[in-house]
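Visitor: Just dropping this structure here.
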């Protein structure tokens with residue numbers, strides 16, 4: 001089975017490895033755990049939970065806000081609908097490619113595990129580095145802030161809520177969900193299931209209101225759906241970026257593969273169920289938006305769903321901000337659960353301090369990793385220009401997704417005889433790869449400054465890799481050992497005892 005392998009020449013002594021004497025001491029304190037079970041992440045996620053995680057993470061605030069961006073760069077409602085459909089198809093192609101990767105390399109960590117298996121530890125570390133600085137904490141912070149803004153909106157109907165109130169509420173909900181994730185995985189999946197149902201119900205309310213309006217004879221907006229269409233490649237790429245932002249999260253189940261029951265069957269099933277459902281809901285929701293609101297109304301709105309609710313739901317319009325808050329709450333819960341496993345796996349492989357790979361012996365959850373992610377998110381919550389980081393997220397995500405799918409093709413060539421429980425048609429990763437290349441290249445010409453800064457952040461991980469992995473610095477090694485010992489005692493944790501082939 002393919003795995004992330006680091007040769008002694010390339011990675012002589014990572015400073016973040018677990019010291020041998022600590023492992024012995026921890027094993028002597030493992031009386032609370034049976035020999036059969038060991039201290040490891042348990043397989044507690046079934047097929048329904050897997051579908052709920054994918055749908056729950058994808059359907060966040062994007063569908064309530066992003067229609068504005070897609071319409072702006074599409075130029076017409078007709079092309080906007082086409083972009084939403086193609087974004088769903090593209091996400092489905094990517095998810096199927098990740099299903100092959102996830103069953104071929106059945107490890108948690110998603111892109112990190114796949115890039116490491118295909119291109120080695122340096123490439124994997126750079127993904128982990130940029131996920132640490134930008135991708136994960138920025139996404140979680142913005143989701144938490146969006147939750148707070150919508151939940152507080154009814155209390156400040158004529159103006160924006162005070163930023164301090166928004167930040168404090170966002171911090172509180174981040175800490176609450178972190179505690180839930182630390183305590184019990186079953187609680188996490190239960191919260192995900194409930195709030196996934198809530199957000200789907202909210203979208204169905206919008207669809208029902210839009211359908212009633214459309215079939216009541218208000219079809220004027222669809223008389224010339226392609227008027228004003230923008231065909232320049234740069235605008236098309238930006239329209240896709242905005243649409244794909246709403247679909248982001250389709251690969252999050254791959255982050256928790258080790259906790260998925262029967263991943264060879266349930267991973268592809270969850271993908272094949274959830275992605276068509278999300279695409280259909282997204283398309284009919286946009287049809288509802290475009291049937292009720294004019295293009296100018298959508299472009300003038302910062303929250304399309306709220307504008308829709310004000311026009312269609314009357315005194316019940318407060319339901320839309322409430323539903324958006326519920327949607328972002330569920331999305332944040334799923335994101336914390338999945339992304340914490342990325343840092344856990346990175347630490348287990350020696351690319352982050354070993355303390356982050358520890359597992360609580362009672363709850364069997366990676367508490368240090370969850371606390372670490374919570375701290376990063378809280379820091380970003382109180383940075384005023386955190387939203388500016390979005391400009392770099394799309395480019396960096398597209399670049400590393402391109403690298404992961406390139407890894408699938410490379411492993412097909414490099415290791416043709418490796419066991420592949422799922423083997424997608426070769427045309428699918430090629431189509432997905434070409435599309436990713438188009439999006440990445442287009443963004444270079446359309447947003448060169450954002451691309452330059454994003455590339456600089458990625459490359460800044462190289463000296464960090466050299467200092468911590470290739471040529472370890474002595475004081476950092478001692479600090480890592482001390483941190484590991486403190487976390488082991490304070491959080492009552494032990495190293496992961498599961499063995500990998």
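Residue 1 is the first one shown; counting continues down the chain.
Keep in mind that glycine also has a Cβ here, set from the backbone N, Cα and C atoms.
Dumping what TrEMBL says about this protein:
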TRANSMEM  47-65  transmembrane segment
TRANSMEM  77-101  transmembrane segment
TRANSMEM  113-136  transmembrane segment
TRANSMEM  165-183  transmembrane segment
TRANSMEM  195-215  transmembrane segment
TRANSMEM  235-253  transmembrane segment
TRANSMEM  273-295  transmembrane segment
TRANSMEM  315-337  transmembrane segment
TRANSMEM  358-383  transmembrane segment
TRANSMEM  389-411  transmembrane segment
TRANSMEM  423-445  transmembrane segment
TRANSMEM  451-470  transmembrane segment
Visitor: With contact taken as 3 or more Cβ pairs under 8 angstroms (pairs 6 or more apart in sequence), are the transmembrane segment (235-253) and the transmembrane segment (165-183) in contact?
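Guide: No, the stretches stay apart by this measure.
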Visitor: Top stretch among 77-101, 165-183, 273-295, 315-337 for CB pairs under 8 A with the transmembrane segment (195-215)?
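Guide: Per the Cβ count, the answer is 273-295.
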Visitor: How about long-range neighbours of the transmembrane segment (423-445): same chain, 6 or more residues beyond its ends, C-beta under 8 Å?
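Guide: Here the qualifying positions are 90, 93-94, 96-97, 99-100, 233-234, 236-238, 240-241, 244, 394-395, 398-399, 401-402, 405-406, 408-409, 412, 451.
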Visitor: Taking pairs 6 or more apart in sequence, does the count of Cβ pairs under 8 Å between the transmembrane segment (273-295) and the transmembrane segment (389-411) hit 3 or more?
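Guide: Answer no, regions not in contact.
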Visitor: The transmembrane segment (315-337) and the transmembrane segment (165-183): do they have three or more Cβ pairs under 8 Å, with pairs 6 or more apart in sequence?
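Guide: Yes, the transmembrane segment (165-183) and the transmembrane segment (315-337) are in contact.
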Visitor: Most CB pairs under 8 Å with the transmembrane segment (389-411): which of 47-65, 77-101, 315-337?
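Guide: Highest pair count goes to 77-101.
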